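Novice: A single structure is presented below for examination.
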Amino acid sequence: MRIAVICFCLLGIASALPVKPTSSGSSEEKQLNNKYPDAVATWLKPDPSQKQTFLAPQNSVSSEETDDNKQNTLPSKSNESPEQTDDLDDDDDNSQDVNSNDSDDAETTDDPDHSDESHHSDESDEVDFPTDIPTIAVFTPFIPTESANDGRGDSVAYGLKSRSKKFRRSNVQSPDATEEDFTSHIESEEMHDAPKKTSQLTDHSKETNSSELSKELTPKAKDKNKHSNLIESQENSKLSQEFHSLEDKLDLDHKSEEDKHLKIRISHELDSASSEVN
């Protein structure tokens, strides 16, 4: 305890002592201060007029900055018209009302009767959309007309029957018609049926011509095939003969070469035997 008390006393004494400011100047500056104290004092303490000249541009710059800040802040406030502020207030009120309504709805949903009513209302709000009904293609059977005689074997007889029916109907429908009208009607129908008959005849003639041409072409094609087969067989026989002749020649040449080799060997053996005898 004594040591602690002594330490506190020393700290209090040290804090009570005056602190001398350290001179940050160099030794040359200290010498100048000692030699010319008045000149240094006047240099360190300039005239108030000089201070004002130095401070004037700084004050102008600071005033310009403050003016700019004020101008930037003022438009944001001025742009907000009283109507906009009123709208903002109304929005806040509406949001509060909505929140209150939500809370009321949450309270009322706890009632079973209310839940049933809401369910029925939701079902009534639903709209029944029509379902896609598959479209059925209606097939209309082909009803041949009276003048349609194509595709029948008895087209001529059928045409005569249809004409007689037409004439009977025309007589019944117009009993007052004259013979000239009747003849003109027949002529017009004949003119109308003439191109059909000619087309049928041309088709039949084309079919007959095509059948005749096909009959004529088939034997010619057969003859050509036979002739080509004969030529190929002759060429094959010639080639086979030439091949056999070449084989025979090669065999003869090979045999003659073997005979020559044998003769040479025999002559060499005889020479060697005669030399040994000598």
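Using the three backbone atoms N, Cα and C, a Cβ is placed for every residue, glycine included.
Keep in mind that this is a model prediction, so the values were computed, not measured.
Okay, so Swiss-Prot annotates it like this:
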COMPBIAS  49-63  compositional bias 'Polar residues'
COMPBIAS  71-82  compositional bias 'Polar residues'
COMPBIAS  83-95  compositional bias 'Acidic residues'
COMPBIAS  111-122  compositional bias 'Basic and acidic residues'
COMPBIAS  182-196  compositional bias 'Basic and acidic residues'
COMPBIAS  203-222  compositional bias 'Basic and acidic residues'
COMPBIAS  228-243  compositional bias 'Polar residues'
COMPBIAS  244-271  compositional bias 'Basic and acidic residues'
CARBOHYD  T131  O-linked glycosylation site
CARBOHYD  T140  O-linked glycosylation site
CARBOHYD  T145  O-linked glycosylation site
CARBOHYD  S205  O-linked glycosylation site
CARBOHYD  S272  O-linked glycosylation site
MOD_RES   S27  phosphoserine
MOD_RES   T66  phosphothreonine
MOD_RES   S76  phosphoserine
MOD_RES   S78  phosphoserine
MOD_RES   S115  phosphoserine
MOD_RES   S118  phosphoserine
MOD_RES   S124  phosphoserine
MOD_RES   T178  phosphothreonine
MOD_RES   T183  phosphothreonine
MOD_RES   S199  phosphoserine
MOD_RES   T208  phosphothreonine
MOD_RES   S210  phosphoserine
MOD_RES   S233  phosphoserine
MOD_RES   S245  phosphoserine
MOD_RES   S256  phosphoserine
MOD_RES   S272  phosphoserine
REGION    38-278  region 'Disordered'
SIGNAL    1-16  signal peptide
SITE      N79  site 'Not glycosylated'
SITE      N101  site 'Not glycosylated'
SITE      N209  site 'Not glycosylated'
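Tell me about the setting of these features in this model.
Specialist: Using a Cβ-Cβ cut-off under 8 Å and counting only residues 6 or more beyond its ends in the same chain, the compositional bias 'Polar residues' (228-243) has no close neighbours at all.
Look at S272 (O-linked glycosylation site): DSSP puts it in a helix.
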Novice: Using all protein chains in view, find how many other C-beta atoms are within 10 Å of the C-beta of T208 (phosphothreonine).
Specialist: 10
Novice: Please list, for the compositional bias 'Polar residues' (228-243), how many residues fall into helix, strand and coil according to DSSP.
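Specialist: Helix/strand/coil tally for the compositional bias 'Polar residues' (228-243): 16 helix, 0 strand, 0 coil.
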Novice: Can you tell me how far the Cα of S245 (phosphoserine) sits from the Cα of T208 (phosphothreonine), in Å?
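Specialist: Cα-Cα distance, S245 (phosphoserine) to T208 (phosphothreonine): 56 Å.
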Novice: If you measure from the Cα of N209 (site 'Not glycosylated'), which of the recorded positions S233, S256, S272 is the nearest?
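Specialist: For N209 (site 'Not glycosylated'), the spatially nearest of the recorded positions is S233.
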Novice: Sort the residues of the compositional bias 'Basic and acidic residues' (203-222) into helix, strand and coil with DSSP and give the three counts.
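Specialist: When I sort the residues of the compositional bias 'Basic and acidic residues' (203-222) into the three classes, I find 20 helix, 0 strand, 0 coil.
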